[in-house]
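Beneath this line is the structure, given in structure tokens, with notes to follow.
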Amino acid sequence: MTGARPVVISCGEPAGIGPEVAARAWAVLAGEVPMVWLGDPRHLPADIPHRVVNDCDQVLNTSPDALPVLAHAFPADNVLGQANPANAQAVIDVIARGVDLVRAGDACALTTAPIHKKALKDGANFAYPGHTEYLAALAGVDDVVMMLASDQLRVVPATIHIALDQVPHVLTPAHLRRVIEITAAGLKTQFGIAQPKIAIAGLNPHAGEGGTMGRQEIDWMNDLVKTMQDEGFDLMGPLPADTMFHAAARARYDAAIAMYHDQALIPIKTLDFDRGVNVTLGLPFIRTSPDHGTAFDIAGTGIANPTSMVEAIRLAYKMATS
Ligand SMILES: NC(=O)c1ccc[n+]([C@@H]2O[C@H](COP(=O)([O-])OP(=O)(O)OC[C@H]3O[C@@H](n4cnc5c(N)ncnc54)[C@H](O)[C@@H]3O)[C@@H](O)[C@H]2O)c1
Ligand SMILES: N[C@H](C(=O)O)[C@H](O)COP(=O)(O)O
């Protein structure tokens, strides 16, 4: 395969299902999407052929009969299902190396395999609660947006990896405005939707029910939505979150912005866990990820479904080449 640059896939936590779903995704996508896996070749499943390459150029000049691998040696043993703290820094370094490859133009996009956040914090004092925040720091941008996308739903949590009791403090008019702006821009530039329709969830039950169940909606959310509508954004809301995700409601918008992590991720992981893709909007490069985590409980058993990883790589490549 020649032409477009490859998608680089960071290995993620090697004790989890990341290496196996990446390898099995390559088996599905070989010949369709050029890709290179960045990690320790010892962590790949034995039944998938791989070939160590020196750089991304070599990926484009080799026949698609083996998964191309950029080797990154891990210092310690790897036991499936049990993160080794001594490998935590290498997991972090692989992500940074993947970003460098994309920013240098050697790869066209980054797809990340899942990390175990607590293992990285315990093993390497990782200062970020997830890829999203780490990638923003590496890119030097203040505001990024996490979107989870599938054929059935696109959804954004306006606040991400924070405790529930912090949500009302972080969720200010300025913050929500920025999330709406980045989401609208991302729908245009990365999803090709010229006039995106965006639904905004309320924070409180029944979107506050006129202030009887919380005041954020009547204190400022209604005004923000109205102001941004007047500026040309196609917004609806704030809507009661419990009734905005059924099929007929979903047909009315291109993306929904929820106010906190689980308000956004429960509907999409319930609807489409196998095919959901996590996309970071607002970065100066393309980043996707499967919607699942490290799944230590099934690592190495051969039952991990690679479809979300397939869709993540496919979407990254589509965004990079269209
Ligand atoms: N992009 C990421 O880096 C990312 C995403 C989500 C969760 N995580 C992290 O992963 C760790 C574990 O999180 P969790 O247990 O909440 O979620 P999880 O997605 O790892 O697992 C939840 C359940 O789904 C199953 N499952 C997950 N992926 C599957 C697949 N591909 N095929 C079949 N079954 C699958 C697991 O076996 C488990 O029963 C946490 O540290 C979390 O923060 C990382
Ligand atoms: N919040 C995401 C989820 O539950 O699927 C996940 O933790 C991934 O986050 P990062 O992409 O920031 O690692």
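Using the three backbone atoms N, Cα and C, a Cβ is placed for every residue, glycine included.
The substrate binding site annotation in TrEMBL covers His131, Thr132, Lys269, Asn278, Arg287. The annotation divalent metal cation binding site is assigned in TrEMBL to His161, His206, His261.
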| task | Name the secondary structure element type, per DSSP in three states, that contains His161 (divalent metal cation binding site). | result | coil
| C-alpha spacing of Lys269 (substrate binding site) relative to His206 (divalent metal cation binding site), in angstrom | 22
| CB contacts for Arg287 (substrate binding site) [other CB atoms within 10 A, all chains] | 26
| Under a three-state reduction of DSSP output, how is His206 (divalent metal cation binding site) classified: helix, strand, or coil? | helix
| remark: Result for ligand 2 contact check over binding-site residues His206, Lys269, Arg287 with Cβ cutoff under 6 A is none
| field | Distance from His161 (divalent metal cation binding site) back to Thr132 (substrate binding site), taken between C-alpha atoms, in Å | value | 9
| Taking the Cβ of Asn278 (substrate binding site) as centre, how many other Cβ atoms lie within 10 Å? | 25
| message | What does the structure give for the C-alpha distance between Arg287 (substrate binding site) and His161 (divalent metal cation binding site)? Integer Å is fine. | response | 18
| query | Any idea what DSSP makes of Lys269 (substrate binding site), helix, strand or coil? | reply | helix
| note | Among His131, Thr132, Lys269, Asn278, Arg287, the record's substrate-binding residues, the widest C-alpha separation in angstrom comes to 19
